[in-house]
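Visitor: Checked Swiss-Prot, it gives:
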- GLU89: active site, proton acceptor (ACT_SITE)
- 92-318: domain 'Radical SAM core' (DOMAIN)
- CYS99-CYS323: disulfide bond (DISULFID)
- CYS106, CYS110, CYS113: [4Fe-4S] cluster binding site (BINDING)
- GLY151, GLU152, SER181, SER204, LEU205, HIS206, ASN280: S-adenosyl-L-methionine binding site (BINDING)
- CYS323: active site, S-methylcysteine intermediate (ACT_SITE)
Amino acid sequence: MRIDDLTQRLRALGAKPAHEQRVLRAWVQRSSMDNRRQAAKDFLPLALREALPALTAELEGLARLRSQHPGEDGSARLLVELADGQTVESVLLLRDGLCVSTQLGCAVGCVFCMTGREGLLRQLGSAEIVAQVVLARSLRPVKKVVFMGMGEPAHNLDNVLEAIDLLGTAGGIGHKNLVFSTVGDYRVFERLPRQRVKPALALSLHTTRADLRAQLLPRAPQIAPQELVELGERYARSTGYPIQYQWTLIEGVNDSPEEMDGIVRLLRGKYALMNLIPYNSVPELEFRRPGREAAVALAAYLHRHGVLAKLRQSAGQDVEGGCGQLRARVVKMDRRPRTARATPPTA
């Protein structure tokens, strides 16, 4: 379901813009449709009031909690079941943050990512994206949403921008606390500056070498790292939000002194933050995370050379922390043949 479809249905029930906003705000913020001045029964059209119970049940069914996996760091990884029975992952982050998925699967095919191994199964509608926030708000407050879960937001741009617009208006989330994460796509840099709600931007860089980037992200748009940084810098200066560059640290792949010097050349003097994220090793893939001391040394090197850098850990690292790992494990278990129960012998 898309937000636009939802608003069209509300209008067909006689809703004016003020009625739409009352209903949407109550849904996204999990609040009452009554306010201090006027009860919903005295404000909403009769046809809309009569349709609300069924509509509310339908919205609640867009995203249901299948399982919750608390992490030792205070985060929690959520396996979310959609209305068609498919599952995606969301992650409750520290300091009232939430990471949401935008696609079921992913077409980019990052070689180090579990989500990309399945390819793209389907897009999530904008209402399904927002429903992950609504579900999370039933568990904790959510004041920041990062679009960094399963999927590539740039490949589902209309739905993601529609979700961002609702979250940044009726959802009550500050624009800079909505973070659009992408491997880089020219359409993103064309459309984001024109939006009513302009999110912060996170760019997945992972290497300063164009040839290695093409190997690691085989189906991403072939934008050279230097051009990607230039596009990011333009957006950062126009919005006043620094670009967050994402760098998954993989031992022996992109953790060399040459790569760190490349980061310095690209980012020194830029309105930017480099997030170094040690890779979450999984048995199915050959990549490995560098040691803690080595990762700390890399972040310190960047600091000394004028690049603001943070060493981050994937939230919920101890509970299938890499993107798509939890879903992959559950899908694998669901596909496992079930053993019939033995019938006890009769006397």
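Keep in mind that glycine also has a Cβ here, set from the backbone N, Cα and C atoms.
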Visitor: Can you figure out which of CYS99, CYS106, CYS113 (the recorded positions) comes closest in space to SER181 (S-adenosyl-L-methionine binding site), comparing Cα atoms?
Guide: CYS99
Visitor: Near the residue listed as 'active site, proton acceptor', which of the recorded positions CYS99, GLU152, HIS206, ASN280 can be found within 10 Å, Cα to Cα?
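Guide: Near the residue listed as 'active site, proton acceptor' by Cα: CYS99.
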Visitor: Given the recorded positions CYS99, CYS106, CYS110, CYS113, which one's Cα is the least distant from that of ASN280 (S-adenosyl-L-methionine binding site)?
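Guide: So, of the listed recorded positions, the one sitting closest to ASN280 (S-adenosyl-L-methionine binding site) is CYS113.
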Visitor: Recorded positions CYS99, CYS106, CYS110: which have a Cα within 10 Å of GLY151 (S-adenosyl-L-methionine binding site)?
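Guide: Within 10 Å of GLY151 (S-adenosyl-L-methionine binding site): CYS106.
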Visitor: Counting Cβ atoms within 10 Å across all protein chains shown, which of the recorded positions CYS99, CYS113 comes out on top?
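Guide: Of CYS99, CYS113, the one with the most crowded Cβ is CYS99.
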Visitor: Neighbour count, 10 Å Cβ-Cβ cut-off, for SER181 (S-adenosyl-L-methionine binding site): what number do you get?
Guide: 22
Visitor: Just to be sure I understand the packing, how many Cβ atoms besides its own are within 10 Å of the Cβ of CYS110 ([4Fe-4S] cluster binding site)?
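Guide: If we count other Cβ atoms within 10 Å of CYS110 ([4Fe-4S] cluster binding site), we arrive at 21.
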Visitor: Across all chains shown, how many C-beta atoms besides its own are within 10 angstroms of the C-beta of ASN280 (S-adenosyl-L-methionine binding site)?
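Guide: 22, counting other Cβ atoms within 10 Å of ASN280 (S-adenosyl-L-methionine binding site).
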Visitor: Which ones are near CYS106 ([4Fe-4S] cluster binding site): of the binding-site residues GLU152, LEU205, HIS206, which have a Cα within 10 Å?
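Guide: Within 10 Å Cα-Cα: GLU152.
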Visitor: For the C-alpha pair, I'd like the distance in angstrom between CYS99 (disulfide bond) and GLU152 (S-adenosyl-L-methionine binding site), rounded off.
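Guide: For CYS99 (disulfide bond) versus GLU152 (S-adenosyl-L-methionine binding site), the Cα atoms are 13 Å apart.
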